[in-house]
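To start, the structure itself, in structure tokens.
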Amino acid sequence: MENKITIRDIIKRKNREKIVMITAYDYVFAKLVDKAGVDLILVGDSVGMVVHGLPSTLYVDMNMMKLHVSSVARAKPRALVVADMPFLSYEISVEEALRNAGEFIRLGADAVKIEGGSEYVDVVKNMVRAGIPVMGHIGLNPQRMLITGGYRRKGLKPNEADKIIDDARELEKAGVFSIVIEYTAADIAEQITKEISIPTICIGSGPYCDGQVLVLYDILGLCENIPPFARKYVDLSKIVVEAVSKFVDEVRRELFPTREHFFLSKGE
């Protein structure tokens, strides 16, 4: 078995081979995506929407995230496991942020990710000081959708672009080991990537970052509506429906189970 990927390994990939991160929320998919060769597994708060059917990530809490982080960690992947800090798990106080991040580390996460920029510098500094690796997340922040007016493109206005660039600089100074840039103008993401010394990972922000991340259920075709920046690599929903439909048909026609699927008390 290859060695476990470390924070240092990710940092060293800056300006080298592209970094690949994918979301996974359970033991089975963590095993599969790790076998596929991803570098990082993000246990994202997107689990609330794609798995639990919630309207947004604002409804996701620590209890839900701990369940999924522990499930992924039990797969013991080679990939680095990053736990998303859910809404209000790090905003209330530095102390509470440390406590919650520490719980994820104890459950097997290798790092945590927080949304937001310069306003969370103190939180990042204290986490890093405590020995907790932190991934930043700038540009579109889904947890701020009520303030920003939904899921809209970022970096189109000069003042907004300047804020995103400044956020990247401040987060790097605070000690994050990498930064996710979401749904931001590609030229702004490129500028950030060139300017900072840590890896950037894009989602909907163009090809110029040091890596890319997508939601697993989007690339597998398990979600009805996928974002405009995602790509469906297989229509797994069609395959699932076909397989279950065949099972339904065979049971009702008494074609399943057949003799190899059961045993008798008196033997053959």
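Every residue, even glycine, has its Cβ placed from backbone N, Cα and C.
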TrEMBL has Asp45, Glu115 down as binding Mg(2+); which of Asp26, Asp34, Asp61, Asp84 does it also list for that site?
Asp84
Including all protein chains shown, what's the count of other C-beta atoms within 10 A of the C-beta of Glu182 (active site, proton acceptor)?
22
For Glu115 (Mg(2+) binding site), write down the residues of its own chain that are at least 6 apart in sequence and whose Cβ falls under 8 Å from its Cβ; none is a fine answer.
Met85, His137, Asn141, Pro142, Gln143, Arg144
